[in-house]
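Structure first, commentary second.
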């Protein structure tokens, strides 16, 4: 329910953002653009109204190809057309026509540095004046030939401005520019210096607009002219008359209430459709992401042997020998056909999702380490789910007693190496989230193996923060950040805390009479306080059995120091597991005393699980 509520809240916020972006914002901008049409563009000596754009004149105020730009530093106006920047020298509105003086900006400098491309203006929008003519400039010509009116550019090579049709064959490139007809003379040899001067002066063109008074009539009737295709349309009593059959069309819109409502209805309908499509696409994306993750985990199952439920019953002799019980299910002892002993965990029947089962099988399938329990197979038939592990004769750590300090140290070091492998040695990082004595199994040589990955989470190694929707683990071993994010973010450092509590229990739980509260049942939650006090007073030896050698005392103190380092409340203060292994393998003298924890955990039974209902472990072999 938390997930669905969170997802619904995210979807609602997503819809509101889309509604603002696709409806309210465009509507506001379109209204501003519409009423900005009454203000002419002004820059330096240039004043221009319809059909030009620029300044506060929006896209609806004129033709999209006639957008003017103002350089406020030089007070000059420019126009971009067909890939060229033009300086607008003047705009002349006389005799119901618009004449522009234009100069290509790349011709303002040396001719050889200009763009050797033709000046092309749309014949539908612009009309060439008879006083100007097109001049062809040839370049990249054959240097072995002689050309009249030639010039040489460093990059473009030999060129000519003589209008000779045969030059087009002898030269690799050419382009055309407008020049006054008086400049072009086929008889005389043209000079490049003269051409540069003429090009800087620019040329004139006329707009193909039939009528100019249209904007004044539009504004007097509180309407606006829009540029479409044809000529100028006038509004008289909400009717439209168009002048001329050629050129571009100007349409007026009178902002009456009915037209505004129709426009709003069209805009809302269109954008609601877009929003619905995007929401559906978003939900499909989320579903695909979840399915891809589940598929990725299921693919890991293929590498392990799959047993039928009938085979599982045969392996366990119809579930006759129970070796452990727990919140997730019951563990039975069994034998494979080759004689190997196995532990078979039968998960409780569930018709819901199988995430816990997939987590455990997928996690263990990706591991291969001497300190990680080996997965031998699984069963997945509808609601029947089972996991087959190697069987370890000595059961779990919590059932083992009378272990000497050296053996305890070897177990603690092995567990540290196993967790380090989960965090750094696998293709994907595995965070266990339930490190405790019941989940540390011992083989015939008392070598430890980390087991029970039902609460594990797989993530990429670069992920430093994990997202969890529930608190998982066992009270007394759960890191503070799993209870409240005020302590920090959940990460692989949560396993470090659990490991520290495990090590402290291995050392401090040996003198249970030290705990003053008889009802506390020696909860591991109280270890840090009184162990730290004994450590400060130099009485750490009292935590262990009598008759220890000096070497065993040093080992015990090192384990205590490492444990206290691991249970720091802030995750950033805890060492990573690879550093923990180094501390355990290193010398006691190289370890600095850790800071004293400022808080202590609530008093609880250390076998209670917060993520799942727990049951009392009733055998020598805990649930794996």
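Just so it is clear, glycine is given a Cβ too, placed from its N, Cα and C backbone atoms.
Annotation source Swiss-Prot lists topological domain 'Extracellular' at 31-263, citing a curator's inference.
All protein chains considered, the CB of residue 45 (N-linked glycosylation site) has 12 other CB atoms within 10 Å. Taken from Swiss-Prot, the feature N-linked glycosylation site applies to 45 (among others), supported by sequence analysis.
In the three-state DSSP classification, residue 75 (N-linked glycosylation site) falls within coil. In sequence order, 43, 44, 45 make up the list of same-chain residues 6 or more apart from residue 75 (N-linked glycosylation site) whose Cβ falls under 8 Å from its Cβ. The N-linked glycosylation site annotation in Swiss-Prot covers 75 (among others) and rests on sequence analysis.
The feature N-linked glycosylation site is assigned by Swiss-Prot to 85 (among others), with sequence analysis given as support. Under the three-state DSSP scheme, residue 85 (N-linked glycosylation site) falls in the strand class.
Residues or ranges marked as N-linked glycosylation site by Swiss-Prot: 95 (among others).
Annotation comment: Swiss-Prot describes 150 (among others) as N-linked glycosylation site, evidence class sequence analysis. A 10 Å cutoff on Cβ-Cβ distances gives residue 150 (N-linked glycosylation site) a total of 19 other Cβ atoms nearby, all chains included. Secondary structure at residue 150 (N-linked glycosylation site), taken from DSSP and collapsed to helix, strand or coil, is strand.
The secondary structure of residue 164 (N-linked glycosylation site), as reduced to three states from DSSP, is coil rather than helix or strand. Taking the Cβ of residue 164 (N-linked glycosylation site) as reference, residues of its chain lying under 8 Å away and at least six apart in sequence are, in sequence order, 148. What Swiss-Prot records for 164 (among others) is N-linked glycosylation site, and it gives sequence analysis as the kind of evidence.
Per Swiss-Prot, domain 'Protein kinase' is recorded for 317-599.
The ATP binding site feature in Swiss-Prot is assigned to 323, 324, 325, 326, 327, 328, 329, 330, 331, 345; the stated evidence is sequence analysis. For residue 323 (ATP binding site), the number of other Cβ atoms no farther than 10 Å from its own Cβ, over all displayed protein chains, is 22.
Annotated pair residue 323 (ATP binding site) and residue 85 (N-linked glycosylation site), C-alpha to C-alpha distance, rounded: 85 Å. Take the CB of residue 325 (ATP binding site) and look out to 10 A: across all protein chains shown you find 18 other CB atoms.
Fewest Cβ neighbours within 10 Å among the recorded positions 85, 329, 331: this applies to 85.
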